[in-house]
Protein chains: 2
Amino acid sequence: MTNLHRHAPLRVALVGLGTVGGGVIRLLNTNGDLIARRAGCPIQIVAISARDRNKDRGVDLSPYEWVDDMTTLATRDDVDVVVELIGGADGPALTLARQCLTLGKPFVTANKAMLAHHGLDLARLAETGGTALKYEAAVAGGIPVIKGMREGAAANEISRVYGILNGTCNYILTTMEKEGRGFDEVLKEAQDLGYAEADPSFDIDGVDAAHKLTILASLAFGTELDFDAVATTGIRHVIAADIAEAAALGFRIRLVGMAQNGADGLFQRVHPMLVPLDHPLAHVDGSLNAVVAEGNFVGRLFFQGRGAGDGPTASAVVADLIDVARDEYGDAFAMPVAALTPQNTADAGARIGRSYLRFKVQDRPGVLAEIAAATRDAGVSIESMIQRGANQADGVLVAIVTHAGEERCVRETLERLAGSDSLLDTPIVMHILD
Amino acid sequence: MTNLHRHAPLRVALVGLGTVGGGVIRLLNTNGDLIARRAGCPIQIVAISARDRNKDRGVDLSPYEWVDDMTTLATRDDVDVVVELIGGADGPALTLARQCLTLGKPFVTANKAMLAHHGLDLARLAETGGTALKYEAAVAGGIPVIKGMREGAAANEISRVYGILNGTCNYILTTMEKEGRGFDEVLKEAQDLGYAEADPSFDIDGVDAAHKLTILASLAFGTELDFDAVATTGIRHVIAADIAEAAALGFRIRLVGMAQNGADGLFQRVHPMLVPLDHPLAHVDGSLNAVVAEGNFVGRLFFQGRGAGDGPTASAVVADLIDVARDEYGDAFAMPVAALTPQNTADAGARIGRSYLRFKVQDRPGVLAEIAAATRDAGVSIESMIQRGANQADGVLVAIVTHAGEERCVRETLERLAGSDSLLDTPIVMHILD
């Protein structure tokens, strides 16, 4: 089919040779002919770079030129595009990105942390440099959700975009759910299986999901990226009993990143939510990712797929390379940087919704009355309250589902109870997806 | 924000002013500012055309120039892109498409019938004319699945692409399922509600889904479009008892269009299938559409959303216009026409899978033995067989689920039973999605 190629090969420098880097090499080797037909030209890795040259990566690196100093790649005329897979918000990845974009070299990255913190600056450099900044792999792995938001849903005013953006958390939560086991035990197993990092905090504290949400929110609402505006809570405090109570009430617990646009501004939050069983997110199991976008003409769009791993992530990286080869790319965040509006952060307290509150309390008379009084005084209306004492070695669990109301009232409930010696633990609040 | 526009307005001629045409006008009026920011320029309708000028369409058409002879649009310098929403595989739509593309005028259409039959020719004209042929709205309405296949999954060898491609059929099947009602009754209701056409055959006989599948298959496999190679069966013969038996066995019935690539060629089929409850397609209810693509690196991608209606379809049409405004478009079927390979149609008989067979038979001794003997002689291995006599006014139902085996054996079973006076009706075969 080579006679059909309308362009010379696209020459790629690949920086970072971890799992995903190896996946990109394998993908281009395996699907090279098909990719050349689709891209209009072969896509060839010509140079590679990583921290440690001598590490065994399980792929044959001998066809590629090894480059010690990756910063030289930005200026090389025999490199058409640089792929960055080293990660980290700052440091070498950021330096390389700035160099490439400033010099007009197309830049493809999977680096959500860097984009969440510096995406606006990088998009500005790409614009000035007249080149591509592509990052499909940064959010939801193999699911083409960047393209779905930037292009597919582009005709819509989006009211909210949300989803399951971290496969590690979803694996842990759904395993807890299916097997009735505790968080620590399942996390340990996930680490042993390689599904969770030795230091899992980026995942389980919601930081990774918040990075991704920051990017999605900008695309959905035409706003400047603002990672600091994301209210982030992870899943460390979810216990097996929460999952059981939620199930009894017709919900499943998922770590949801949600950005919502309203009259009072933009609201971004990552936190465990109770998802009703009739919502598609309730059926996203294991390490899958999923994204929902709600537009004023398209209605609800739902994308699901594998959000991590070498294959899916490499699929997204190479999709970006095909776009570059086809010359089908434009503004990184769907519009010129100057057209992105600054975010006005909405007040969380004014948000209306139902909430789940769970208390671990002393098993003694009057505690339930104390909690009930606090909710009453804070103006929280209770839809259901369950107290379970049996089988609880350490106290009694009280789980409350509220009627829809302002979140400030829920917060006030907790403030009223703060310091009470009836409480054995910090109460947990999870909101309910409507 | 107009100072941020980098281009002059994109001037659109809109041909066809039915539901979707009205939706496009409303969408551009409602979201115009946001679209201008995303597209890099305002998108403005300048001319409109339809069969009947005097029909009341519920939208104000006075701002637009009315054009009686739509064929003049292809040559007008003050029209940058033509949107065709008149439908029909041949006739005026095809004439207009050929004129526009030949003259290098970008052409956006929602016309799946025309693409399924003439897509290859039109793509060739677009290529020669160096212009855009865009058709996101032709498949699965508002879901950006053309983009998902053409670009998002472009790095993958796709093994199969399949989905629920007709909202009318899905509405009928899921309503039958939820309410235990019969096909004719639910179809009548759907017609009264406007969910089904007065002449519903294009939908319920699977033709519409086959048009869409033809397009998806080309994108997925890099093959020439071949509508005639789609084996198509509709849902007329599905009865309430089939849905009940399927449910008892852990399945739901959906009209599935599937294209699968194998060693012996490409297989394309639209027919009602039994979908296991743990598959996401089993949870696609009402008039929703959904598409699954399985790639060798990305794994399983799942897209769901509204597949019809003015809002979602207009959303897809305007997404195409934004792509045109951004100059982000290329080969209509993801690669040059010359790179698309002719299809080699796989033999359906050699396909391996489980099947559901249902017979309406005489209530008399020996009939079950007759069916069992036919399956045995045809080499079909039975996983389960249910006979239900009660409440069946007209005979007895026998439902069989086979073990995985070659489809030719199932066909042979029916051939062996053909003409038997034990059968009260033509048996129905539905395959089981694995």
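Any Cβ shown, glycine's included, is placed from N, Cα and C.
Remember, it's a predicted structure, so these values are computed and weren't measured experimentally.
According to TrEMBL, the protein carries these features:
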{"type": "BINDING", "residues": "B:Val15, B:Gly16, B:Leu17, B:Gly18, B:Thr19, B:Val20, B:Gly21, B:Gly22", "note": "NADP(+) binding site"}
{"type": "BINDING", "residues": "B:Lys112", "note": "NADPH binding site"}
{"type": "BINDING", "residues": "B:Glu197", "note": "L-homoserine binding site"}
{"type": "DOMAIN", "residues": "B:356-431", "note": "domain 'ACT'"}
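Feature annotations (TrEMBL) mapped to structure.
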residue  : record                    : Cβ neighbours (10 Å)
B:Val15  : NADP(+) binding site      : 23
B:Gly16  : NADP(+) binding site      : 26
B:Leu17  : NADP(+) binding site      : 23
B:Gly18  : NADP(+) binding site      : 15
B:Thr19  : NADP(+) binding site      : 17
B:Val20  : NADP(+) binding site      : 25
B:Gly21  : NADP(+) binding site      : 28
B:Gly22  : NADP(+) binding site      : 19
B:Lys112 : NADPH binding site        : 27
B:Glu197 : L-homoserine binding site : 14
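For the domain 'ACT' (B:356-431), residue counts in helix, strand and coil come to 23 helix, 27 strand, 26 coil, using DSSP.
Report note: the NADP(+) site is defined by B:Val15, B:Gly16, B:Leu17, B:Gly18, B:Thr19, B:Val20, B:Gly21, B:Gly22, and the residues of the same chain whose CB lies within 8 Å of the CB centroid of those residues, excluding them, are B:Leu14, B:Gly23, B:Val24, B:Ala50, B:Arg57, B:Leu85, B:Ile86. Secondary structure at B:Gly22 (NADP(+) binding site), taken from DSSP and collapsed to helix, strand or coil, is helix. Rounded to a whole value, the Cα-Cα separation of B:Gly21 (NADP(+) binding site) and the residue listed as 'L-homoserine binding site' is 18 Å. Cα of the residue listed as 'L-homoserine binding site' to Cα of B:Leu17 (NADP(+) binding site): a span of 17 Å. If you take every residue in the domain 'ACT' (B:356-431) and average the pLDDT, you get 91. In the three-state DSSP scheme, the residue listed as 'NADPH binding site' is classed as helix.
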